[in-house]
Amino acid sequence: MTETSKISVTVKIPLNPFFRKDFFVSFGRNLILAMRNFNSSPASEGLLNALILVIRLFVGISMLTHALPKLEKLIANDNIEFMNFLGLGSAISLVLVVFAEFLCSVFIILGFFTRLATIPLMITMLVAFFVVHGADPYTVKELSLMYFFFYLAILVLGSGKYSLDWLFSKKEPLY
């Protein structure tokens, strides 16, 4: 039997540090960590609560500008001419719209029964989109659809930390 010998030669070639394996591993790990921090940082909960507050204030105050003329019309009680979309009469339709647009908007601004307050407003915006402005071009009725999606976001997200709902519940939000 002949004996074979194994000879191994190690050649050390100086490599550019950017082509080292550990560089790519650490770069990839740091990139993943950076993306995790980008998607959910410790500050994101506070920012989310602040954003929910800003959305609630903006949408609530904006809706009040639509509700106040209707409230004045209701208080004046002068020959109420309003769309009878339910078949219950113009006065009752106006009362329901004022309830939704005024009282529910105040609740949303305060963050009080927020999710519940969005439901009448969402119904009102759908009626405005499909019935009141049904024959109008999209540019006229898009505002009611935008309000609808703002209210849908508030319904899903809740009132956030800066609200009466959170103050009365005394528990941490689920998000």
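Cβ atoms are placed via backbone N, Cα and C, with glycine included.
Now, the feature entries from TrEMBL:
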- 47-68: transmembrane segment (TRANSMEM)
- 80-100: transmembrane segment (TRANSMEM)
- 106-132: transmembrane segment (TRANSMEM)
- 144-164: transmembrane segment (TRANSMEM)
Stretch in 47-68, 80-100, 144-164 most in contact with the transmembrane segment (106-132), if contact is a CB pair under 8 A: 144-164
Chain residues outside the transmembrane segment (80-100) and at least six past its termini with a C-beta under 8 angstroms from it: 67, 70-71, 73-74, 120-121, 123-124, 127, 131-132
